[in-house]
Every structure is written in C-alpha cells, then in structure tokens.
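Chemist: Sharing the feature lines straight out of TrEMBL:
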type: BINDING; residues: 190, 191, 192, 193, 194, 195, 196, 197; note: ATP binding site
type: COMPBIAS; residues: 665-676; note: compositional bias 'Polar residues'
type: COMPBIAS; residues: 686-696; note: compositional bias 'Polar residues'
type: DOMAIN; residues: 71-434; note: domain 'Kinesin motor'
type: REGION; residues: 1-24; note: region 'Disordered'
type: REGION; residues: 657-708; note: region 'Disordered'
Ligand SMILES: Nc1ncnc2c1ncn2[C@@H]1O[C@H](COP(=O)(O)OP(=O)(O)OP(=O)(O)O)[C@@H](O)[C@H]1O
C-alpha cells in the first residue's frame, strides 16, 4: 500500500479515541469550516463567576429618612465692625449721662482704650464655608497664640451680607419645610452684642428673619391653601428671677407666667395670623415686653431667651381645627448672648442674669456636645443635659437630634472680641458634624407632643413617675433646674431628702434608659447587618442569574453543534460505505498482485491515503509498465530466436528473482537501473546517432544487443539455438558524453573485444585471443569469462553514458546488467 506523499484527505478527521480532557481540542479547531456554518454566532467565553465583584459591591447604607445624611446646618454671621464701634461709643456716652448701673472700675478704663484701637479685625472670611480667627498682636506676642481656621459652616455671612441674603440661605429652607408640613428650629448663639436679635427680628427698615418668614408665609399663601391651613404665632421668653429660678413669660399675653410640662408649655397664647402686618405688630409688641437692659456690650442687651413659634395647622375636612396632631412648627430662638463679666462689668442683678444666661448657653452647648458624642459612639449614652434648663427641656427633641435644626453663630469681628469669638467658634464648630439620623417621616407633626417612644413601657412608667415628682416640685414653686437647686441647697446646708430620692430615681431611670438605648442600638445594628446581608444576597442572586443565562446560551450553541456533527457523521458513514463498495469492485477487477495485496490492507482511521489514491497510483504504474513492455518488445528481436545470449551470473539475486517473477507473469519487464536511459532518451539518441553515422567513416556499427538474462538453464537453451549463426563481429560504441564514435582501436573493449572475435558455440565459455579477441571454444577456461565481466564493469564505470546498439536503436545500458549477445546487425 502506498501512503507516502499522498495529500491528506479532506473528508477524514483525525480522532483520538478517549483523549485527555485537557488535550481534547474544541470542535472548532479541527472541524471543517463548513461544519461551523450552522452555528448562528460563535459562543463567547463565559467569564468566571464574579464572586469577588459581588462581595466588593457597595451596599447602600440604610436610609432612614430623606434627611438621614443631613448634617446640622451651622451658619455664621459676622457683625459690621463700624456699627460695633458706634454702639460701644453710644454706650459709653449713655453711661456718662445716665449711669445706668454701678460702674465697674475695671471696665470703665478699659473701654476707651479699646475704642482708640485700630480697625483691626480678628475674623477673616476665607470662603463661604470657613473663617480664620487671628489673635490680636498683643496676644500673639505674649502667649504665642496662633491663628485658627474654622471650617465646615453651611454658610459664612460676612459683615456686608444683607438680611434678605441671610434669610434666603438660612431661613427660607426652614420656611419651605414648614409649608410642606415639617417642623424645624433655628437658634441664634453668640456673645452679647454680636447681632443675634438684629438678625432674628431686625428693625423697621431692615426686617430680620422672623418678619421675613412671616411675610413669606402669609403673603405667598394662595386662597385655596389658606382655606386649608391656619398659622399661629406664639412668643414667650425664659428668664431668671434674680438669677435663681427660671420663669417662662408669654410675650403675647402681657407677660403671663407659663409652665412647662414634658417639653410642652401650658397656657401659652397662640395668635392666629392673618396677614404680615398683623404678624409684625404682634412681634413688635412681644419684643417690647421682652426683658432687655443696657450693658457695656450692648445698649439693648437681651436678658432672656426668646422663643417664637409659627405653627401651621391643617384644617379638618369639615373645616374644624384639629387637636394639633396635623401641625408643623417653625421655632426661632434668640438666645441671650453669653457675657464675660470682665468685659461687661456687670454687677448685682445683672451679674446674676449673666450667670443665668451663661448657664443656659452652657447647657444648650452641652446638649449638642452630648448628641455629637453619642452619634460618634452609639455605645456612649446621651447625657440628659437638657434637664438642666427650661429652654433645653423645651427644645429636647431638637437637641436629641429628632427634629431638623439649624444654628446661627453671630460674632463680632473686632480684635477686642477675639476671646469671645474664638471661644464660641471652638465650642460650636464641631456641631457641624451632628447628623439628624432619626427624623420623623411625617410631614405634619404635633410639636407639643413627644414622638412615639420606642422604649419599653416600664421605662415610660418610671419616667412618668419622675415627671410627677418634678411637676410637684414645679407646682410648689421651685422652678429651678436640679443643678441650681442643688447649688442652693448646698449653700444653705440643707438636706432635701425628697429631692435626693428623686435624684436617685432619676439616675436609675437614666441608667435604665441608657441600657434600653443600648439594646435598641444593638437591635438597629443587627437590623442594618441583616439588611446588608440581604443586599449582598440579592446581588449574588443577580450575578448568578447572569452567569446561568450565559451558560444557557452556550449550551444552546453546543447542542446545535452536536446536531451538525451528527449529520456530518451520518454523511461520512454513507460515503465510507460507498468507498468500500468501490474498493471491493476494484479488488474484484484487479488482477495485479500489488493491488490485491493493497486491498487486503484496511485503511486506518488516521491515515490520509484512500483506495482512490491507490487506484490512481496503480494505474500509473501499470501504464508505465505497459509502455516499457511495448518499448522492449519493439527492440527485442532476439526474443524470436535469432539472437544468441550470453548470460552473466553476476546479476544479483534480487533482480534475477524479479526477472523471474515477471517472466513467469509474462511481463517481459526490463528493469532500468542506475545509468540506464529512459526509452524516450534512447529514441532520441538513436535518431541522433543514426544521423551522425555517416561521419563514422562509413563503418557500420556493430550491435551489442541487450537482452534479458535468463537462468543458466535457459541460457543454455538459447545458446544452443543460435550456435550455428555465430560469427565474427565488430562492435561499435558511442560515448555520448563526448559524443564521439569510439573506434575499434580505441574501443573500451580493445583489450577484451577483438576486431574480429570468434565465439565458439561448442562450449558456453568465452576466451580471449591475443589479448585483443576472444573466442569461445572448448579450450577456453571459465575464468576468461570472469575477466570479460570485470572488463565490462570497468567499462561501465569509465563510460557511464556508453551507448550501444540494440537492434536498430541505440540504448544506454549497463553492460553488467545485460546478458550480452554479440551478433552482427
Ligand atoms: N448686621 C448688623 N447690621 C446692622 N446693625 C447691627 C448688625 N448686627 C448688630 N447690629 C446692631 O448691634 C446692636 C447689638 O445687636 P443685637 O442686640 O442684635 O446683639 P445681640 O447679639 O442680640 O446681643 P444680646 O445678646 O446682648 O442681646 C444692635 O443695635 C443692632 O442694631
């Protein structure tokens, strides 16, 4: 079977049985292109499961409310320096004429000194959200105090900022919230004379936040909405009586006393608002009743905390007003400015007032600080500082971060106000980090009602018990906060047993509430954790679904492929059967041994040869043999018994056997060997040599005819057949390399083939005569023959292109392989 050099069959696929998983090639790399056509689109590589991506996915934090991430808005307003100077000047002049209160020897001398000072400022605005506070030169030199930068403010209003501008940025959002049914609070903090009251109330020409808010609320109200909503105004102040106890006065009710019960003021008058003018007149009359006094810092210094409530209430469906459950409140607080005794020079009652004012400011600040710390570290319980003043008790919900709130810090920019300004900003700037993480979702709130408590009922009960105690104390006329009471008791050296009991109970309640608060916080953390897990699982599920979808797509493509491959396999099987049939036919028709042999071999799966190739090859071989046979037949006349044959035994066994085979098959095949010319070459050379023969001096070339050898037995037979015809002959050789006729004298056979040689026919042996001829005779020995053979071999070696005549043709044959027959032509 011939397999070498045949081209690979396009219809055969090399399939390794049970290949290794990793080594198994994808069908696309080996399958014919046509097989891929049915696939709609080549499948994409499926990405690995994005587990890391899922785990790193950002899970949105729990959004409690719309404003859950909202920080406490802290605004800052810097008062005009010139006005400050003028005010101080005015105070100085008034003091000279009126001498309102006893002079403080320390302050009287200090004031003119400061007035003389330059227009240096201690506060400079860096940008809309930060300021730098620089100490005066004297402090910088002596105490090495450096400038400080305070930032994070919602807005810094410079001394040039107008009331309208402040309103738009600071109060307008709160007013809009109120109109949308959400409560809010604005509190103004700052040292005395820094412009809190001016900002909150303003003056006739320059209205402040309250008049502007009322104007917005009442003038913008369209008829339809007005028919649904009612606005109420209440205004009260909290002041101290001789600096000892706190009192609440209704400023709309001719200064009537009020009392507070659980953050709600009892007996307070609420005036219905109709129009801005009416509202303004109410405010103005209320302000007239407010406690003010002239101090060194301010000629009309507020001596009380003033609270204004603008309540918006929705009417019931039947037009009746409800029970405050559908209301929102905007609370604006004008705190009395913190005062330094050194600076104000207050004495006596003013000094007591100052203590009260400073105390309230301090408690207010402590509440905010506690809220901030609690928010930073939820494990830290929120301290109940609000209990220490009426104002903070009233504003408890705001100070516990349950309602939206904004702060306004007012400062004086003069260098003499450095300490006040620096102190305020240092205390209040951290409040910018306070967050409102628990804000009621409902638009309309009952501002006087506490929000639903999440603490267990027993805590509520205890708190009620404590409240009863407190109330009883208040009813008994002791309105002071526990801290003040304590101080008073300590001063008097009295032991108030009931108060101590109440305090112990209070502490118990506080600790219980703190624990409950912790439990609730833990619950909340757990809830958040669960929600986060839920989000992660959701994302996981989504990603899993995505990957599964891709796998499904891939599976569909693979199924299509399998289907296509199955079809191909079926067609290949039918084709294989067809080829087998063809092969069988060919086998039955072929008489060639090789062909039959090849048929016995089965074509391996991975072999590229096919029966068709074999058939083609065999056909070619057969036609070649036929051609050679024809050629041989045409040349070989000696086969008909004319020629004598001389056999050489040196013909190797293989060729001999081959020859025998062919003879036995009646092929008469002539094997060409190295140095033999093809039939076409021989023909060409014959023509050429025949044409050139006249040049060879008319000598007729002798014929050295080649013939097939035969066995000794046959040789003998053939030899006997032409004994009588042997005669002398002449041999002519042509060396085609030199294209010359070899003369007899120069004949390579000169030494062995004589001009005339006699061949004895009696014996089958050759003999030499005179070294130039040989005879075949009885007396010749066989070794002569050997010599001839040797000579012929030498001739072959020296003349590879030696032609001799065979019949009428010149052929190139190696003599060694011929059984020479010498005869005359
Ligand atoms: N931005 C300002 N523009 C014009 N005048 C101002 C401004 N700020 C303050 N004033 C004036 O300064 C004086 C003191 O201001 P205001 O009474 O508002 O201070 P205060 O902070 O309320 O002081 P206190 O705490 O003692 O009541 C007032 O006469 C006020 O008109």
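The backbone N, Cα and C atoms fix where each Cβ goes, glycine too.
For the listed features, I'd like the structural context: burial, neighbours, distances.
Modeler: Residues near residue 197 (ATP binding site) in space but far in sequence (CB under 8 A, at least 6 apart, same chain), listed by position: 188, 208, 300, 302, 306, 334.
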Chemist: Taking the recorded ATP site as 190, 191, 192, 193, 194, 195, 196, 197, identify the other residues of that chain whose CB atom sits within 8 Å of the mean position of the site's CB atoms, giving them in sequence order.
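Modeler: What remains near the Cβ centre is 79, 188, 198, 297, 298, 337, 410, 412.
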Chemist: Does any of 191, 194, 197 have a Cβ within less than 6 Å of an atom of ligand 1? These are the binding-site residues; tell me which, or none.
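Modeler: Checked binding-site residues vs ligand 1; flagged 194, 197.
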Chemist: Please list, in sequence order, the residues in the chain of residue 196 (ATP binding site) that are at least six apart in sequence and whose C-beta is under 8 Å away from its C-beta.
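Modeler: Long-range Cβ contacts: 188, 189, 190, 302, 334, 335, 337, 408, 410.
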Chemist: Considering the binding-site residues 192, 194, which residue's Cβ sits among the greatest number of other Cβ atoms within 10 Å?
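Modeler: By the 10 Å Cβ neighbour count, 194 comes out on top.
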Chemist: Should residue 191 (ATP binding site) be counted as helix, strand, or coil on the basis of DSSP?
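Modeler: Strand, per DSSP.
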Chemist: Over the span of the domain 'Kinesin motor' (71-434), how high is the average pLDDT in this prediction?
Modeler: 80
Chemist: Name the residues of the same chain, 6+ apart in sequence, whose Cβ is under 8 Å from the Cβ of residue 191 (ATP binding site)?
Modeler: 297, 337, 338, 339, 340, 410, 411, 412, 417, 420, 421, 424
